[in-house]
Ligand SMILES: [Zn+2]
């Protein structure tokens, strides 16, 4: 059983670990003979890319500050590389199609059609929808607690209010960077996306422990959260400043994801919570949705791949998840106010 969940989660997590190692497409000598000269000359035949025109010597002493900044140059260079790769890939894919050959991956990714400069427009749109769904869920959670449920002089009766507020913030943050990363996959956007994904995954593990073990005492909460937070922070620093180790990151993500899934599933099994079916539904449907990551098919019409479909399934699950959180707030508040009376 545990094994099956591990596999499912392994696949889920391939979101936060989209590895870009060599694939059949970029190993193709015809593709290489297009990309390499493009990077050095900035042109493919008649077509030239403006980003490739920056001087690659790091900018002269007399050039303006922004041209001397290595970050600015790096940005231009990665845009140049990205444009060259994209145009060579589309050209090569057209040739392959005319020969009756199917699409192949380039640098670990299927060939996607760009729209308005967005690399994976469908995943971008779905990330934005996920973000909006979280925003709506968070907002309705806030208004429920502030305006509909009874309040104590020093805040809400519900003991997990602040934990879910932080959860809402981290979720919005991770979907924002997911949208940015799917728009343009470069070093900085990749780091921001991975770091945010690790942060929300690690934080939800902490929340799952707090809620299911009913940790209410401040000191106990600090004891639970401190080692996990320290680990998450160290891991994020490691990825950003030491090594973007995809394999290690995958292991970390899998362990954190499997742990929280098991915690929620076991809790859903033993609790008498009136909305436990929502918990079950999210855990099981979430597991099945991850199967989409198994069928790693090339994007339909160059737009919709399995990963995009997976992002689509998280939208209704997010709705149900926030609905569970709101039910939990109502349930706990009515329980506590009854005791007060
Ligand atoms: Zn994604």
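Every residue gets a Cβ built from N, Cα and C, even glycine.
The annotation signal peptide is assigned in TrEMBL to 1-22.
Per TrEMBL, the feature transmembrane segment maps to 124-145 (among others).
The transmembrane segment annotation in TrEMBL covers 157-180 (among others).
If you look up TrEMBL, you'll see 192-210 (among others) marked as transmembrane segment. When Cβ-Cβ distances below 8 Å are used as the criterion, the transmembrane segment (192-210) is approached by residues 13, 15-17, 160, 163-164, 166-167, 170-171, 173-174, 176-178, 180-181, 221, 224-225, 228-229, 231-232, 235-236, 239-240, 244, 249, 252-253, 256-257, 259-260, 263-264, 267 of the same chain, each at least six residues removed from its ends.
Per TrEMBL, transmembrane segment is recorded for 222-242 (among others). Within its own chain, the transmembrane segment (222-242) has Cβ neighbours under 8 Å at 191, 194-195, 198-199, 202-203, 205-206, 209-210, 215, 249, 252, counting only residues six or more beyond its boundaries.
Marked as transmembrane segment by TrEMBL: 248-270 (among others).
Per TrEMBL, transmembrane segment is recorded for 277-295 (among others).
The feature transmembrane segment is assigned by TrEMBL to 307-325 (among others).
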Note to self: Below 8 angstroms Cβ to Cβ, which residues of this chain, lying six or more residues outside the transmembrane segment (307-325), approach it?
What the structure shows: 12, 15, 18, 120, 122-123, 126-127, 129-130, 133-134, 136-138, 140-141, 164, 171, 178, 275, 278-279, 281-282, 285-286, 289-290, 292-293, 299
